[in-house]
Amino acid sequence: MDRPGIRLLFLAPGGASLLLGLYAATALLGFDVPPLADRLAASHGALMVFGFVGTLIVLERAVAIKKWWAFTAPALLGLGSLLVLAPLPTWIGRTAIVLGAVGLLLIYRTIWHRQAMTATAIQFLGGVTLVVAALLWLADVPVAHLIPAFSAFLVLTIAGERLELARLSLRGSHPGRSLLWASLSLTGCVALALCVPAFGYPLFGFSVLWVVSWLVRHDVARRTLRGAGLPRYMAACLLSGYAWLVVAGAIWLLGGAATSGPAYDAVIHAVLLGFTLSMIMAHAPVILPAVLRRPLPYRPIMYLPVALLHASQVLRVLFGDAYGVPAMLQLGGSLNITALLLFIVIAVASLVRGPAKKAHVAGAARRARV
């Protein structure tokens, strides 16, 4: 499993899920594209979370613990997402996704035995919500009702990662305890949102704001934003992503259950695009080299897709969803897709081109984990 080519094979289903998800998004925005199969249109959100983001996150964790069995988890998530689209009973692919999500919990269990930390506990909670989402999808619960579970998985995964990096600067005998309480609240509110939506969604929104308030106060990104190069780039991505998490939390807190209409579109894309893609763009120069064993040097042009992503989000969420302008919704959505594809092109070009100077790479490696 140590060969980059083999690891790339595990990443391939995630890439395929991303491209299929973007194709589905193009059609759902109303553009004239060849007709979608019903399964692809209905699986757009699940493809992006389970197939793309989930595979990427779990593969990085599998690489970190260096156990052969851990690689079955990202493989099951990626292949399961594609099997859902195949002319097979949907339970086959969805069962594979459940097994992949359970595999993530086993990975976190291994990490916990190596070093028991609050950050790992928080990420384990995120893994639990991924399993919940997978089980509910296996039971044919509509994707619209899985958004709190999806969101909790993404938020808690990032929160645990950021706590691990911030713990050295935290004071007290139990650094991160308040974030752990917020994470427990967020996890519990996933169940409340499913069972008692009228109360659960506002409480879920409150918990999201609780988590993001901790991140904004304690994340080292606030300091590294004043730096330069890769640390500043990562900090800009992180803090702008947190802003979209505030938007999502406020919509849930003030608007309650959002499973359709403009509020639903706004909240899912605030979390899955504004927040999650910002996190991916921030951590790509660190995660991809660890997975592929090939440097991904920071280049200033990486700011371009980041800026385009957030500008397109403003068009989509503010003018398209809040003000109800369909043309802005379509324009913002198409620019969302453009921003992601542009980032992929820049990242691939940077991987192929490699570092300009060895000294630059060494410096970037020392500063990478802001």
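Using the three backbone atoms N, Cα and C, a Cβ is placed for every residue, glycine included.
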If you check TrEMBL, which stretch out of 180-199, 300-319 is marked transmembrane segment?
300-319
Considering pairs 6 or more residues apart, do the transmembrane segment (331-352) and the transmembrane segment (233-254) have at least three CB pairs under 8 Å?
no
Before we move on, state whether the transmembrane segment (40-59) and the transmembrane segment (120-137) share at least 3 Cβ pairs under 8 Å, counting only pairs 6 or more apart in sequence.
yes
For the transmembrane segment (120-137) and the transmembrane segment (233-254), does the number of C-beta pairs under 8 Å, pairs 6 or more apart in sequence, reach 3 or more?
no
Highest-contact recorded stretch vs the transmembrane segment (266-288), from 91-108, 233-254, 300-319, CB pairs under 8 Å:
233-254
